[in-house]
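Single-structure report; data block below.
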Amino acid sequence: MTVLDRTAAEPTAATVVPGRPGGSNAQPRRRTSGLRRTDVYAVTGALAAGAAFTLVLWTQLGPFTGVLGWVVTTWSVVVVFYAVLVSLDENRAAMRDRISAFVVHSLAAVLLAALFFVLGYTLSRGWRAIIHLNFYTQDVSSTLATDPLTKGGVLHAIYGTLIELGIALGFAVPLGLLAAVYLHEVPGRFTRFIRTVVEAMTALPDIIAGLFIYATLILIFHWGPSGFAAACALSVTILPIIIRASDVVFRLVPGSLKEASLALGASRWRTTWNVLLPTARSGLATAVILGAARAIGETAPVLLTAGATGYMNLDPFRGAMMSLPLLAYTQVQSPEPNEIARGFGTASVLLILVVLLFIVARAIGGRGPGELTRRGRRRRAAASERDVRRMTRTDPTTVASREEAAP
């Protein structure tokens, strides 16, 4: 009998799955995801106990006032009560996990509540102005502060903001992307120096950029206040933001993609154009939107370089030009209720423009790396079909094989 015969004749041992330990060592099965009933009870009890404790502390035990202090104290007390309730049912590891999750989710809820409060407060104060059609089709050249809301609008400020923002992005986006590519692709001392300068410019006060453009274009070159000068000041403000954010996005691109492109014989420029930039597309769109959101809300540089006017001006190279932030600031300073409503309505329009800007950025850069649009997929399929026809027409091996296969 051979070794193989003896091995085949021997019975195989069956695998026995150990059962759950019984007695006092048995532990209940834990759910690693989802919301449990005990979690709901713990959160509800902590919220009720924390609110009641802070209410008693605020009204009966101490001379405390202020809504912000009440919210911070309530949140701290709720966290303590929640930790006590969780410790009654969980071990130390599970208690730390539950407390960390509660802190993170509660802080996120507070931030969202603050955001919605700002949006709601602005819209509630300006809704009486934004419901009128003239608010979007007129300027304030012939409007007094005491005039009704059916007269005057923000059309001149909308055009001024979009013109200044467009020129600023036209300057800052190409320069910012090229600088970020240089910082990412070219090592050396000069690169470290440029990165240090960019990081220092990120913390540059906005008024410094406005003063720089005012001292050069307006005082030295006698350009005069204009939308172009304001756009130059805004481009100086957002340029380091775009460079820094784009550089961070480029660092997140996997190095294996670049190595594969270089290994196939592509040059560094072709690798940058066809691999680095398409892969980082969504992040670059976010970087541009961060810069645009910073520029669209600036007031001090625009006031120094573009001035203020109530007339429509579509020429960025001549005359003062109004922007939405500056118009909102000047209108809310008035003691007249209608003018204050116009100011909050202007701020509401500014918020709507920012939201539309983020929607456009999401549509442009929302696809993942390597994901093509429908048009891109159609073009890729058409190119593949052309390559197939070209290879089958010129390859003699393919032609000969087809002739042999033919009956």
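The backbone N, Cα and C atoms fix where each Cβ goes, and this holds for glycine too.
According to TrEMBL, the region 'Disordered' annotation covers 1-33, 370-407. The compositional bias 'Low complexity' annotation in TrEMBL covers 9-18. Residues annotated as transmembrane segment in TrEMBL: 40-61, 67-88, 100-123, 157-183, 203-222, 228-253, 344-365. The domain 'ABC transmembrane type-1' annotation in TrEMBL covers 158-365. If you look up TrEMBL, you'll see 382-393 marked as compositional bias 'Basic and acidic residues'.
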Across 157-183, 203-222, 228-253, the most C-beta pairs under 8 Å with the transmembrane segment (344-365) come from 157-183
Intrachain residues whose Cβ lies under 8 Å of the transmembrane segment (40-61), provided they are six or more past its termini: 70, 73-75, 77-82, 85-86, 98, 102
Of the stretches 100-123, 157-183, 203-222, which racks up the most C-beta pairs under 8 Å with the transmembrane segment (228-253)? 157-183
Can you name the far-off residues of the same chain, 6+ from the ends of the transmembrane segment (203-222), with a Cβ under 8 Å from a Cβ of it? 229-230, 232-234, 236-237, 240, 298, 300-305
Residue list, the transmembrane segment (100-123) vs rest of chain: Cβ under 8 Å, 6 or more residues beyond ends. 43, 71, 75, 78-79, 82, 130, 344, 347-348, 351
DSSP-wise, what's the residue breakdown of the compositional bias 'Basic and acidic residues' (382-393) into helix, strand and coil? 12 helix, 0 strand, 0 coil
